[in-house]
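Engineer: Next up is a structure, given as structure tokens.
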Amino acid sequence: MTQSKNLSIKRLINGRYWASHHPLADKTGILHAHDLLIQNEQIIGLIAKDEGHYAFNSNDIEYHDLKNMLVTPGLIDCHTHLVFAGNRAYEWEKRLNGATYESIVKEGGGILSTVRATRESSEAELYNLSLPRLDSLMNEGVTTIEIKTGYGLDYDSELKTLKVIKELQNKHSIDISPTFLGAHAVPNEFIHNKSAYLDLVIDKMLPDFFTARLFEAVDIFCEKIAFSLDDAKRLFEKAHSLGIPIKAHAEQLSHLGASGLVAKFKGLSVDHIEYLEESDILLMKNSGTVATLLPLAFYFLKETKLPPIDLLRRHKIPIAVSTDFNPGTAPMASIRLAMNMAAVQFNLTPKEILKGVTVNAAKALNRSTSIGVISPNYLANLAIWAVDQPVEIFYELGKNPLVQRIYKGEFRKH
Ligand code: NIG
Ligand code: FE
């Protein structure tokens, strides 16, 4: 079996492909009457169903009958905080009784309460806590996920988180893009000396962890209750000098202008952006920066200020959609729920939402030439759905229409 691996080709027949870029796709983005050819990890052809049968020795072809099911690119969750310990349900209860997210932060709760629990946990404990969260996303067709640090906030605990991410990557059929978010909050021991903490992040953790190839991009929470625009500038300048791609939690609770700054550094994405303004969007227009919308955090914080969707559309900014899975503002490990809420709360169209968890999410992770599109030369990372229309992927919650994932050319149970 292993001997024939390089030669053998999988030919997926009787499938329908969500390939909205394809000239023959219908108005919902579906391409009919085509077969997909996969060799090893890669897609090598998307061809008309009558074509190409003569081209290969039939012994080298494995046929897979998809029975009219819908195939999308494997979904990409491009913004999560999946590795953490502890429980913030009691804070939610406080909020349900009238407290605000900011007031809880000021009392020492919020991110710092998760930091305490995460610091106290071993690598093995963190791994075991993270696994069911990862499983739940994989079970909904996710084949690539971004995971941020940011609940350690000291050298050893951030390193521990990065090691857990690496372990998750090594043991599971999912592609993980780690992001360093040392600038998530100021830890208690530096509460009166924020700039010394930032020095530690910028001068020590950032170069050390990047040299050890433990992360791919750097993030910062730019907000009145976290880091300022000047802090972000310091971080980005250092990251830029080391060739590290940047992104930010920007304009989530107020407008600070971090998005424009990210754009000036040609950053990968600005995330949340409820308070984004047109002047920021104009800066993003030529930078390739993706606007990542996080409808679960919007919902869970009972935010009422909508991100400027029409302006993003008008200026043709690529829009990604992600879970933001985290214990404080989005404790839901469900990309389908995020997609559903992007539709209901943000009025995105099904096509925009599907692009938001595939091609545009790939762009936000600097992977736009390898994943997110069903096309030759892309990785064969796919999700197979028992649905008629694409919108059904996130229509009926409580019933999961995922049949199988294909990860790097291999069929996976989930
Ligand atoms: O994306 N905004 C900052 N970070 C997270 C929340 C983290 C937390 O509350 O633990 C977010 O919403
Ligand atoms: Fe986040």
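Keep in mind that glycine also has a Cβ here, set from the backbone N, Cα and C atoms.
Unlike curated records, TrEMBL annotations are generated automatically.
Note that the structure is a prediction, hence the values are computed from the model and not measured.
Relevant sequence annotations retrieved from TrEMBL are reproduced here:
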{"type": "BINDING", "residues": "H79, H81, H249, D324", "note": "Fe(3+) binding site"}
{"type": "BINDING", "residues": "H79, H81, H249, D324", "note": "Zn(2+) binding site"}
{"type": "BINDING", "residues": "R88, Y151, H184, Q252, T329", "note": "4-imidazolone-5-propanoate binding site"}
{"type": "BINDING", "residues": "Y151, N326, G328", "note": "N-formimidoyl-L-glutamate binding site"}
{"type": "DOMAIN", "residues": "70-403", "note": "domain 'Amidohydrolase-related'"}
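Describe each of these features in terms of where it is and what it packs against.
Structural biologist: Sequence-distant neighbours of D324 (Fe(3+) binding site) (same chain, 6+ apart, CB under 8 A from its CB) are H79, T80, H81, D271, H272, L294, L296, A297, A330, A338.
Over all protein chains present, the Cβ of H79 (Fe(3+) binding site) has 31 other Cβ atoms lying within 10 Å.
For T329 (4-imidazolone-5-propanoate binding site), other Cβ atoms within 10 Å of its Cβ number 23.
DSSP classifies Y151 (4-imidazolone-5-propanoate binding site) as coil under the three-state reduction. The Cβ neighbour count for Y151 (4-imidazolone-5-propanoate binding site), using a 10 Å radius and every protein chain shown, is 29.
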Engineer: Looking at the binding-site residues listed here (R88, Y151, H184, H249, Q252), whose Cα lies nearest to that of G328 (N-formimidoyl-L-glutamate binding site)?
Structural biologist: R88
Engineer: Determine, to the nearest whole angstrom, how far the Cα atom of N326 (N-formimidoyl-L-glutamate binding site) is from the Cα atom of Q252 (4-imidazolone-5-propanoate binding site).
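Structural biologist: Here the two Cα atoms lie 15 Å apart.
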Engineer: List, in residue order, those binding-site residues out of H79, R88, H249, D324, N326 with a Cβ under 6 Å from any atom belonging to ligand 1.
Structural biologist: H249, D324, N326
Engineer: For the binding-site residues R88, H184, D324, which residues place their CB under 6 A from an atom of ligand 2?
Structural biologist: D324
Engineer: Checking your reading of the structure: which of the binding-site residues R88, Y151, H184, T329 lie inside a 10 Å Cα sphere centred on H249 (Fe(3+) binding site)?
Structural biologist: H184
Engineer: Check each residue in the chain of R88 (4-imidazolone-5-propanoate binding site) that is at least six apart in sequence and keep those whose C-beta is under 8 Å from its C-beta; list them in sequence order.
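Structural biologist: Same-chain residues close to R88 (4-imidazolone-5-propanoate binding site) (Cβ under 8 Å, separated by 6 or more) are G109, S113, T114, P327, G328, P331.
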Engineer: Among Q252, N326, all listed as binding-site residues, which has the most CB atoms within 10 Å of its CB?
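Structural biologist: Selected residue: Q252.
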